[in-house]
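As written in TrEMBL, here are the features:
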- 662-674: compositional bias 'Polar residues' (COMPBIAS)
- 735-754: compositional bias 'Polar residues' (COMPBIAS)
- 396-467: domain 'PDXDC1/PDXD2 second' (DOMAIN)
- 478-580: domain 'PDXDC1-like third' (DOMAIN)
- 1-33: region 'Disordered' (REGION)
- 662-754: region 'Disordered' (REGION)
Amino acid sequence: MRILGDGQMEPDAATESRRFSRTSMPGPLQGDGQDVTTILHLVHHLIHDEEDDEEGKDRPSQPMQNVGEQGHMALLGHSLAAYISVLDRERLRKLTTRILSDTTLWLCRIFRYENGSAYFHEDDRDGLVKVCRLAINARYEEYTTEGYAVLSSKQPMIYQSASCRPGLGQHLCSQLGLPLSSLCTVPCNTIFGSQHQMDVALLDKLIKEDIDAGKLPLLLIANAGTPGAGHTDKLSRLKELCDQHSIWLHVEGVNLATLALAQVTSAVMAATRSDSMTLTPGRWLGLPAVTAVSLYRHEDPALSLAAGLTSSQPVEKLRALPLWLSLQYLGHNGIVQKIKHAAALSQHLLLKLKSVACVRTSVEDEQNSPVVLFKFSQELCAGSSGGSVDGFCAGEKEVLDTFNRWLAEELAHLVPCSGVDVVEHEDEGDWVRFSPLLTAAVLGTQQEDVDELVQKLLELVPMMSSTMSLRQDFREETHRRAPFLTYIEELSCPGLGAVRYESQAEGIDESRREQELKKINKALLTKLQELDTDIFFSSGPEFVTEENCIFVGMVADDVDVSELVDTISTLGRDIEESGRLLENMTERVRKGILEAELQLQKANEEKLMEEGMLRQLPLVGSVLNWFSPVGSSIKGRTFNLAAGSLDSTDVTYSTKVQAGRTSLQDTPTLSSKRVSGRKLFRRPGVGSDSMSETSSIGPADETSREECTSVSTNLLPSMIQPDELDHAARRPPNIQGTPEQSSGCQTKRTSPPL
C-alpha cells in the first residue's frame, strides 16, 4: 500500500516497469512468471504515470481520495476476505456469522434502527431491489410457487418522489421484470411546504385511485435528503399513510447520516420507523471500497432468504469484513466526530454566505442543514447597486444558469478540497451544491477550505455582476459596427458575449466565403489572445451551435466595452485587408514583371535607334565606343506592391530615398492610448487599476512611444504562408540594372519581405 500510495520506487524497478508495461500491456501473457515486487511496481506505473496519456493532458486533474489509516483497514479487509475464504467450512461459518452479527448490531445502534437486519451490497440500488422483492413475496402469498403469473391479477404499484435519484424507479422495474406502468412518480409540493418534498395529499389521492382501479400499492420510496437539495420528505405522515394501506416504506438519502449525532431533527428521526433504509457509510466516513448497507425489518427469515437479503453461503457474508474492520478502527466516537465535522462545515459556510452580496442560498433548515445550495443572482446585485437587467428578459434564466455553472466549475478548480458541484432544478435553475457529508471525509475538507471557498467567491461574484451588467452594452456596441461585426446569441457560454467578424468580400461563392470567414476569425482570435489584457478570448466549447465565433469571457466593471468592440472591429478589418493584399500580390507581381519586360524591351529598341547599327557590331562597336562614348539611356524600374504600380528609379538615385516610402507614423495603427502599467480596455479612474494623474503620466518622449502601438504592421506577416510566396518571389532574368534594380521589386517598409 505504501508503494502504490506514496509514489516511491527504485529507478531500476521504475525503468523495468515502464518497459514491461509498454511492450506487454496489452498483449499476451508472459511466459515466465513475475515476482511480487515487479508486479506491484507495474501497478504503480499504471496508476501514477501519465506521461504517455495524450488524452489526459488537457483534462483537469481530479482530487484524489484522502486514504488514511481507516482507509487502509478497509482495503485490508478485501485481502483478509480472500484469505478467510480458504478456511475449513466450520471455522468459516463461525467467523462470518460473528462478522455479520457484529456489523449489523453496530450499524443498527449507531443509526438508531432497532431490531433490524442488514444486507451488504456493492451497488447502492441493489438493496432497494431486494427489499422490493421481499415486499412482493410478503404481499403475494402464491408468488413463490406461481411466480409472475400472480401479478396479473393485481398489478403492483411503486411510488417515488419527483426529487428522487434519476433512473432509480426505472432500474427497479428493470431488475424485477415489472412494466413501467407499475411506477408512479409523485409530484412535489407546489404551494405549501418545500418544493423538494413529496406532496402527501396528492400521494393519498393517487393511492386511492390505484386501489379503485384494482391495483396493489406495494412500495413507497421516500427521501431523507434529496439528491439535489438535501430536503427530507414528511416521513411521519408518509409512514402513517403507508400503515393505512399496508405499503412498504423505504427511505434513503444523505441526511440519514445525522442519525448518529446526539441531536437529530424530528423529520430525520422519523426514518427510524421505516420498513427499510439504505446507508452509504463508505462515502460518509471516507472509506474506500466499502459496501452500502440496507437495514430492514421483517419477521419471516424464509421470505428474506427467498428475496436474496440473506444467504446460506458463508463467503457472501464476508462482504461486511472491510466495514467490520473500519468501524472497529474508528470507534463510535470517531464515527460521530466525522459526521459532526461535516455538518459543522455546512453551518460554517451558510453563516459566511449571509454576508456575500449577490448570492442566494437555499437550505431546508438554517439551524441544521447538511446540504447548502447557493447561486449567483443578478436581481440581488441590481437591488443593492441600483443596476438594471432589463436587457435580459429573453433568455435571462439560461444566462444565469450558464453563469452559475461557470461559478461551480471555477470554485471546484480553485478550491478542489471543497467538493462543490452543480445541480440542476427544473423550476429554480442551476445551483452550486456543497454537501460535505458526501465529500468532506473523502477529500479531507477542513474549515480553512470553506474560508478559502468564500474568499474565491468574493473575487468571482463582482466580476460576474459586472459582466452581466455590460452584456447589453456589448450587444449594442456590436450592432453599431455592423456589417463588420455580428452579435451571436449564444446563451450556453458564460461571459460578455459572442461576436463574429463578417467578411466584406463580394463576388465569391458561399463555400469560399465560409473559408474566408473561418480564416479571418481564427487569425482575429489569435491577435486578441496576444493582447495585454485580463479578458479571456476563446472559440467557445465544442457543443456550441454557432461556428467561427469569438467568445469574450468575464470582465471587470472598469472595462471600456466601446473600446473593446472597436478593437475587435479594427483588428478584423486589418486582417481582412492584409489577406486581400496577399491574394492580389501574386497577380500584381506577375503583371508588374510583364510590364517591366515590355518597358525594358522598348528601351532597348530606342537605344538601338539612337546608337545606330555600327555600334552593335562586336569589333566596330567597341572601337566607336572607345573614341566616342555614349551614355546609357535605359532607366531602372521599381515595383510598388502596395500600389501595384511600376515606377522609375530616377527619384531613388537623385534623392537617395526609396520612392513611395511611408513612415511608421503614417501607417494605420491601433492606438491604445493607455497608461503604462494598465491593462488594455480599462477606463481610467474606475476600478482598482485606476491611477493618479501624477503617477500615470511620464516624460513626453516616453508617452509618445506608449501611445502609438502599431498592430497593422504585424498583421500581414502572420497571414503569409511560405507556399503563397513562391510564385511572388520569382524575378525575370532579363531585367537589368544595378543590384537594387535587379531585386525584382521595391516595396514599402510596411510591405512584407519577399
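A Cβ is built for glycine as well, from the same backbone N, Cα and C atoms used for every other residue.
TrEMBL labels come from automatic prediction, so no person has curated them.
Residues of the domain 'PDXDC1/PDXD2 second' (396-467) grouped by DSSP class, helix first, strand second and coil last, total 51 helix, 11 strand, 10 coil.
On the 0 to 100 pLDDT scale, the model's mean across the domain 'PDXDC1-like third' (478-580) is 85. Across the range of the domain 'PDXDC1-like third' (478-580), the DSSP-based residue counts are 44 helix, 15 strand, 44 coil.
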